[in-house]
Amino acid sequence: MAGGLIGKGTANGKQYPGKLTFRVFVTCMVAAFGGLIFGYDLGISGGVTSMDPFLKKFFPDVYAKEMNMKPSDNQYCRFDSQVLTLFTSSLYLAALVASLCASSITRIFGRRLTMLSGGILFLAGAGFNAFAQKVWMLIVGRMLLGFGIGCANQSVPIYVSEVAPYKYRGALNTMFQLAITIGIFVANVLNFFFAKMKNGEGWRYSLGFAAVPAVMIIIGAIFLPDSPSSLIERGKDEKAKQELIKIRGTSDVDEEFKDLVEASESSMAVKHPWATLLKRHYRPQLVMAIAIPFFQQLTGMNVITFYAPVLFRTIGFGSNASLMSSMITGGFNALATFVSIFTVDKVGRRKLFLEGGAQMFICQIVITAAIASKFGVDGNPGMLPIWYAFFVVGFICIYVMGFAWSWGPLGWLVPSEIFPLEVRSAAQSINVSVNMIFTFAIAQVFTSMLCHMKFGLFIFFACFVLVMSGFIYKFLPETKGVPIEEMSVVWQNHSYWKKFVKSASEEANAKVDNSC
Ligand code: BGC
């Protein structure tokens, strides 16, 4: 990597010219629609599994248990079924496998083709689910969707980070999260309406509607240009330069282009990105690729995303009110993401992480106290006053907003910007895989955790929020405004990580070693 000029604005003072062109904006927006695929699916399954005709057709045992439930029974265990949660969670296992393969696809064929494959797989999955007659069709559909998500989540955040001018990278990348939250919200709204269909086939529409974001990403991926880094990586230097000129809106791109080529050369010298990532030199990136997605899932947010309708029914809401409340929390999630878009490149990543963490922690304690006071340990609350419902939903919304401007977007943004090109695809695979493993785990065990840990479930997540905030405070350097090719400097300047990473001159020697 080229050495730095001293100045303001970036870690080593380097400032590439280039503005937020219309082309970049549209490019990033279309790419971020990959997030829609993911969001729609995150949001759809909870509502579908709370629709009686769906349960009756595919999970008759769960339906019978639900029907025979008496008000005096333990409400915490009302939806405790491993088969049912498998319907939600199986997708994330497939996504995990796909994201591991997608790493090689993104490296060899480019980010764009990976997005396209994601869209096609997702379309096939939506078709299987919408026309499902047997449980196996549902599961095959879910697996196809999972493969699609694995491809999209691997390629989209990297693509956006590579195309965006560094000054706006945070805001543009947060569009990915915005698309996720819009996907979740649209799913919540559609579930609410489709659940009312008289013929009992509303779940087919809910699941089949996933074809819409799939088509959007397919169209987007067909028309998007490949990122300059990805073109250079595949030996198309001239095309890469032309593309860089177009997306930056200036022909003064020599400095940035030179750095991209240098980064690409050192990347090509690395024959085994997975083994390289394990080297001591890449320890900060490896730790972040594992810790950030792990902690993101341990905020407990997906308890709300997947199971808000179940949770709301558990705390005494009717089916309609539960779907309605999920719609409200989904709406807050999407709206609050805008706060992140407008602040992430100004106040920086660390402040948002820490503020969001504090907000989520306080809400989790309040929600625990509210549930404990009415449900106790026997899960039998008697009649609940109406203010109680408002109170719990209100705090859940504040909690969701805290996530929506911190761990939600930053959980994807920060990993996508801290990996150097030579290990970028491999590290992003780890990031997506860890995210999927823990998304799967939370989806799979939530109902039984609620049954056994009762209100303590929220304390469990609150403890993790405390730990993750400490982790950010101590170990995550600020990455706002640092060009992606210059990111190594933030680790070299960090009090803890500097002992692991090499200085610029050591790096130059390492490049020579690597290429031998
Ligand atoms: C997370 C998802 C979560 C969503 C909620 C995403 O960043 O990866 O697991 O459901 O945010 O908005």
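Here the Cβ of each residue, glycine as well, is placed from N, Cα and C on the backbone.
No curator has checked TrEMBL annotations; they are predicted automatically.
Model, not experiment: these values are computed from the prediction.
Noted in TrEMBL for the protein shown:
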DOMAIN    27-480  domain 'Major facilitator superfamily (MFS) profile'
TRANSMEM  20-40  transmembrane segment
TRANSMEM  83-101  transmembrane segment
TRANSMEM  113-132  transmembrane segment
TRANSMEM  172-193  transmembrane segment
TRANSMEM  205-224  transmembrane segment
TRANSMEM  286-310  transmembrane segment
TRANSMEM  322-344  transmembrane segment
TRANSMEM  356-375  transmembrane segment
TRANSMEM  387-408  transmembrane segment
TRANSMEM  429-449  transmembrane segment
TRANSMEM  455-476  transmembrane segment
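Same-chain residues lying 6 or more positions outside the transmembrane segment (113-132) and placing a CB less than 8 Å from one of its CB atoms are 31, 34, 37, 58, 98, 102, 105-106, 138, 140-152, 154-156, 159, 204-205, 207-211, 213-218, 220-222, 224. In summary, the transmembrane segment (322-344) lies against the transmembrane segment (172-193): three or more C-beta pairs, each 6 or more positions apart in sequence, are under 8 Å. The transmembrane segment (429-449) makes contact with the transmembrane segment (286-310), as judged by at least three Cβ pairs under 8 Å among residues 6 or more apart in sequence. 172-193 is the stretch from 172-193, 286-310, 356-375, 387-408, 455-476 with the greatest number of Cβ pairs below 8 Å to the transmembrane segment (205-224).
With a cut-off of 8 Å between Cβ atoms, the residues of this chain six or more beyond the transmembrane segment (286-310) that come close are 42-43, 45-47, 49-50, 78-79, 88, 184, 191, 277-278, 319, 322-323, 325-326, 329-330, 360, 364, 396, 399-400, 403, 407-408, 410-411, 414-415, 418-419, 427-428, 430-432, 434-435, 438-439, 441-443, 446-447, 457-458, 460-461, 464-465, 467-468, 471, 475-476. Looking at the domain 'Major facilitator superfamily (MFS) profile' (27-480) alone, the prediction's average pLDDT is 87.
Between the transmembrane segment (455-476) and the transmembrane segment (172-193), fewer than three CB pairs separated by 6 or more residues in sequence fall under 8 Å, so the two stretches do not touch. A Cβ distance under 8 Å defines the sequence-distant neighbours of the transmembrane segment (172-193), meaning residues of its chain 6+ beyond its ends; these are 24-25, 28-29, 31-44, 46-48, 51, 156-157, 160-161, 164, 202, 205-206, 209, 213, 305, 309, 323-324, 326-327, 330-331, 333-334, 337-338, 340-341, 344, 404, 408-409, 412-413, 416-417.
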